[in-house]
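S.K.: Copying in the features that Swiss-Prot gives for the protein in this structure:
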- Cys109-Cys188: disulfide bond (DISULFID)
- Asn13: N-linked glycosylation site (CARBOHYD)
- Asn21: N-linked glycosylation site (CARBOHYD)
- Asn184: N-linked glycosylation site (CARBOHYD)
- Cys329: S-palmitoyl cysteine (LIPID)
- 1-41: topological domain 'Extracellular' (TOPO_DOM)
- 63-72: topological domain 'Cytoplasmic' (TOPO_DOM)
- 94-110: topological domain 'Extracellular' (TOPO_DOM)
- 132-153: topological domain 'Cytoplasmic' (TOPO_DOM)
- 175-206: topological domain 'Extracellular' (TOPO_DOM)
- 228-250: topological domain 'Cytoplasmic' (TOPO_DOM)
- 272-294: topological domain 'Extracellular' (TOPO_DOM)
- 316-352: topological domain 'Cytoplasmic' (TOPO_DOM)
- 42-62: transmembrane segment (TRANSMEM)
- 73-93: transmembrane segment (TRANSMEM)
- 111-131: transmembrane segment (TRANSMEM)
- 154-174: transmembrane segment (TRANSMEM)
- 207-227: transmembrane segment (TRANSMEM)
- 251-271: transmembrane segment (TRANSMEM)
- 295-315: transmembrane segment (TRANSMEM)
Amino acid sequence: MASWPPLELQSSNQSQLFPQNATACDNAPEAWDLLHRVLPTFIISICSFGLLGNLFVLLVFLLPRRRLNVAEIYLANLAASDLVFVLGLPFWAENIWNQFNWPFGALLCRVINGIIKANLFISIFLVVAISQDRYCVLVHPMASRRRQRRRQARVTCVLIWVVGGLLSIPTFLLRSIQAVPDLNITACILLLPHEAWHFARIVELNILAFLLPLAAIIFFNYHILASLRGREEVSRTRCGGSKDSKTTALILTLVVAFLVCWAPYHFFAFLEFLFQVQAVRGCFWEDFIDLGLQLANFLAFTNSSLNPVIYVFVGRLFRTKVWELYKQCTPKSLAPISSSHRKEIFQLFWRN
């Protein structure tokens, strides 16, 4: 689209070589220069916070020797997905520092982008599964048995990882490195074999990975909020509220954060599709979509490092688990000893 490097750093991996006859628009060089300077540092910051934060979350969930409840199973899988995702971000930071000249070879071009694409699906499907579980607990409590729900949660998580991996296969197959003589770089790009792939990709990206899950999330959380309002009088009589209410508050916050981070990305991805099929034209739209995709993409990336912060500041039960883990890992204080016994120990210690 633009005369800048034909690489849109998106988890949808929709970057392509521009057509030979594409109009070269260069109306925002200062903005691109700023992005090239700022984005690598921003990516590394996301990677650092996301790596430490999600490792911390996994340790809190997995170190105590006890069975995870259903919500914790889903949240642990979400943290694992975010952890795998942020491990690929340093490659993109180096790619931007290198003026979009991909230095890591064709295999890593495919693997890193495949991981990013899989994370997009795994994350949104896990958010749907979490919302559905809260819906069953609060709206249909009699129909949900804890043991059965735990088994279903494990199976659901396995299926989500498998489906996310399968949906990333086209990215793994179609991503490659290719020389771009006009820019004097070798870019990691997505090569779509036919124009029909543009439509198939936008259906996969905007409908399967966002609109359908969004409809499910809205349905489940609408009924969750209605159920919580119906229990408001009961919860007032309980000190601090029920355990289910605390867990639900955490999950609702995670859902809102996910939608805020990812909605702009899908909006600009749809605009990019409209530009590809020439439904919108002109240098204004080209620059607007190019820059918007870059910014929206990295707003989406922040979600992977934001979730651990939400656990700490919103998840009261999570903070309780952190404190319990701290006490478990901290050596217990020694029993007090008499002064005479202490004197005897010192004499034995200093004896030559």
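Cβ from N, Cα, C; glycine included.
For each listed feature, how buried is it and what is near it?
M.R.: A helical conformation is recorded for Cys109 (disulfide bond) in the three-state DSSP classification. The Cβ of Cys109 (disulfide bond) has Trp102, Arg175, Ser176, Ile177, Cys188 as same-chain neighbours under 8 Å, each 6 or more residues away in sequence.
The Cβ of Asn184 (N-linked glycosylation site) lies under 8 Å from the Cβ of no residue that sits 6+ residues away along the same chain. Under DSSP, Asn184 (N-linked glycosylation site) is assigned to coil, being neither helix nor strand in the three-state scheme.
DSSP classifies Cys329 (S-palmitoyl cysteine) as helix under the three-state reduction. In sequence order, Leu63 are the residues near Cys329 (S-palmitoyl cysteine), counting only same-chain partners six or more apart with C-beta under 8 A.
Computed over the topological domain 'Extracellular' (1-41), the whole-number mean pLDDT of the model equals 54.
Broken down with DSSP, the topological domain 'Extracellular' (175-206) shows 11 helix, 12 strand, 9 coil.
If one looks beyond the transmembrane segment (42-62) by at least 6 residues along the same chain, the residues whose Cβ comes under 8 Å of a Cβ in the stretch are 68, 72, 75-76, 79-80, 82-83, 85-87, 89-90, 92-93, 96, 298, 301-302, 304-305, 307-309, 311, 318, 321-322, 325.
Long-range contacts of the transmembrane segment (73-93) within its own chain (CB-CB distance under 8 A, at least 6 residues past either end) are made by residues 9, 39-41, 43-44, 46-47, 50-51, 54-55, 57-58, 61-62, 104, 108, 112, 115-116, 119, 122-123, 126-127, 129-130, 133, 150, 153-154, 157, 160-161, 254, 301, 303-305, 307-308, 311.
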S.K.: Against the transmembrane segment (154-174), which of these stretches has the most C-beta pairs under 8 Å: 111-131, 207-227, 251-271, 295-315?
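M.R.: It is 111-131 that shares the most Cβ pairs under 8 Å with the transmembrane segment (154-174).
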S.K.: With DSSP as the reference, give the number of residues of the topological domain 'Extracellular' (272-294) in helix, strand and coil.
M.R.: 17 helix, 0 strand, 6 coil
S.K.: State the residues, same chain only, that lie 6 or more residues beyond the ends of the transmembrane segment (251-271) and have a CB under 8 A from a CB inside it; answer 'none' if no residue qualifies.
M.R.: 10-12, 14, 71, 78, 123-124, 127, 130-131, 134, 202, 205-206, 209-210, 214, 217, 221, 224-225, 280, 285, 288-289, 292-293, 295-297, 299-300, 302-303, 306-307, 310, 314
